[in-house]
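Residues annotated as L-aspartate binding site in Swiss-Prot: Glu173, Arg219, His446, Arg487. Annotation comment: Swiss-Prot describes 197-200 as region 'Aspartate'. Taken from Swiss-Prot, the feature ATP binding site applies to Arg219, Asp220, Glu221, Gln228, Glu480, Gly532, Leu533, Asp534, Arg535.
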Amino acid sequence: MFRTHTCGELRISDVNKQVKLSGWVQRSRKMGGMTFVDLRDRYGITQLVFNEEIDAELCERANKLGREFVIQIVGTVNERFSKNSHIPTGDIEIIVSELNILNSAITPPFTIEDNTDGGDDIRMKYRYLDLRRSAVRSNLELRHKMTIEVRSYLDKLGFLEVETPVLIGSTPEGARDFVVPSRMNPGQFYALPQSPQTLKQLLMVSGFDRYFQIAKCFRDEDLRADRQPEFTQIDCEMSFVEQEDVITTFEGMAKHLFKVIRNIELTEPFPRMPWSEAMRLYGSDKPDIRFGMQFVELMDILKGHGFSVFDNATYIGGICAEGAAGYTRKQLDALTEFVKKPQIGAKGMVYARIEADGTVKSSVDKFYTQEVLQQLKEAFGAKPGDLILILSGDDAMKTRKQLCELRLEMGNQLGLRDKNTFACLWVVDFPLFEWSEEEGRLMAMHHPFTSPKPEDIHLLDTNPAAVRANAYDMVINGVEVGGGSIRIHDSQLQNKMFELLGFTPERAQEQFGFLMNAFKFGAPPHGGLAYGLDRWVSLFAGLDSIRDCIAFPKNNSGRDVMLDAPAALDPSQLEELNLIVDIKE
């Protein structure tokens, strides 16, 4: 037996017990004739004591222990003289009588501490060492607890967990697929699933009216803090349901997770916001409603006064930052540079301060009378000490998105985005289609199987851009943590959808014939939702990136620097797969 207890288990009630522990050397220090070693495992840290007066030879061996050596000890639990209130085992120590070195270790490239000295790149390369840190390990423990709770919750509601294939056919809509060549079928390829969408719909046709899966999904797209090329969904589908049924079920799951994971009781129904309102007031389909600063359109007030930037604009909008009138010129210049960054793309920013006497001082005073500036103040309901920030542009949607970035930045600067405050909502009534300039055609905003709202179906023939989707996203703190829709279950309506998306009947049959054929055998009304497990965990853990809650993540270039993947294949493998690599210059 390597251990009788873990390194996080022993307490004052265990004093005088003989125990056996195994783990890694966190640190050691010599003080007079005593050597103290902190022994660590997944469960915690226990202090070991080696005493020269009791066993000089054993103490000498302990002095040679290096960081991260794997050791086993036998000893007696003793009450600590100098207690450590920061760890659960801080009232006790182990007086060691036997030491067995199970494995030596070279010096790690960074300290295995919560506040490590290792940068992101080095920690990614040695991820197996990074996972020894309690800060990282606790994220995976939280992830485990979440999956257990999800399975338990859905099981009690009659959902069946069903695994769907990972090797499937490629589909043209959405993000790029990762493809896998087939050795047995030269020149043909599988795709890794972006989601189990069509497969779970087939399960509904099969009569499995409540399905779920903790599903690994893959998307070959540009990465950012909340995206990885492979990620995990809590994927669900239900038959004989309407939108309200799905929302009720999964709002219930969200409230359950908040209760059991964060001990937060959410009793009120989550608010619902139409997509058009979210874009108008926040410039985002995933608004952070922890704080205000809603957009105010200012065209009627600011246009036509000789300031050409505004006079030529298609949209003028602003936000009011309460109590921020004390911003210095340097801070305001920094905000201007922020919105002018290439990834945001604004051409400039106008500001107006509300002075203590109620007058308004702006950066464009020479174009506007105090009377007009007072109208500006009234439009926001601004008070003395407030700061108004204004952007304009020739594309209303683009300018609102720029203003959204400015709003979020101000929320950060003013401390309004507390990670321990949670604001949940449903965004509903999305457009069914969006126009793609690149493709020159309508694209499905969600996917081709999303049902239009019944009251908008008649618009498919006359004004498809005005059709709203029977779709819904759950947003928490400005992060889309899940989304879904009621699906099309009628073959004729699905064919109409393919037609509007530019599919020929032949191409639709080639890509989705298996689904359309299944519908002919009686498809029930159905709908579903997928939660992003990684995003939920990062939200509950207060992380800035989902990377920190994935055991072995990729970096921002999609590389696994630990495994050095992706990598070139051996020529013999390429030959076996009938592949030739032709890299364009």
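Start at 1 and count along the chain as shown; that gives each residue its number.
Including glycine, each Cβ sits where the backbone N, Cα and C put it.
Taking the features listed in Swiss-Prot, we show where each one sits on the structure.
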| residue | record | DSSP class |
| --- | --- | --- |
| Arg219 | L-aspartate binding site | coil |
| His446 | L-aspartate binding site | coil |
| Glu480 | ATP binding site | strand |
| Arg487 | L-aspartate binding site | strand |
| Leu533 | ATP binding site | helix |
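Same-chain residues lying 6 or more positions outside the region 'Aspartate' (197-200) and placing a CB less than 8 Å from one of its CB atoms are 164-165, 168, 171, 211, 213, 235, 237, 447, 449, 512, 514-515, 528. A distance of 22 Å separates the Cα atom of Leu533 (ATP binding site) from that of Arg487 (L-aspartate binding site). DSSP labels the residues of the region 'Aspartate' (197-200) in these numbers: 4 helix, 0 strand, 0 coil.
If you take every residue in the region 'Aspartate' (197-200) and average the pLDDT, you get 95.
Fewest other C-beta atoms within 10 angstroms, among the binding-site residues Glu221, Glu480, are seen around Glu221. Among the residues the record lists as binding ATP, namely Arg219, Asp220, Glu221, Gln228, Glu480, Gly532, Leu533, Asp534, Arg535, the two farthest apart have Cα atoms separated by 19 Å.
With respect to Arg535 (ATP binding site), the closest of these binding-site residues in Cα terms is Arg219, chosen from Arg219, His446, Arg487.
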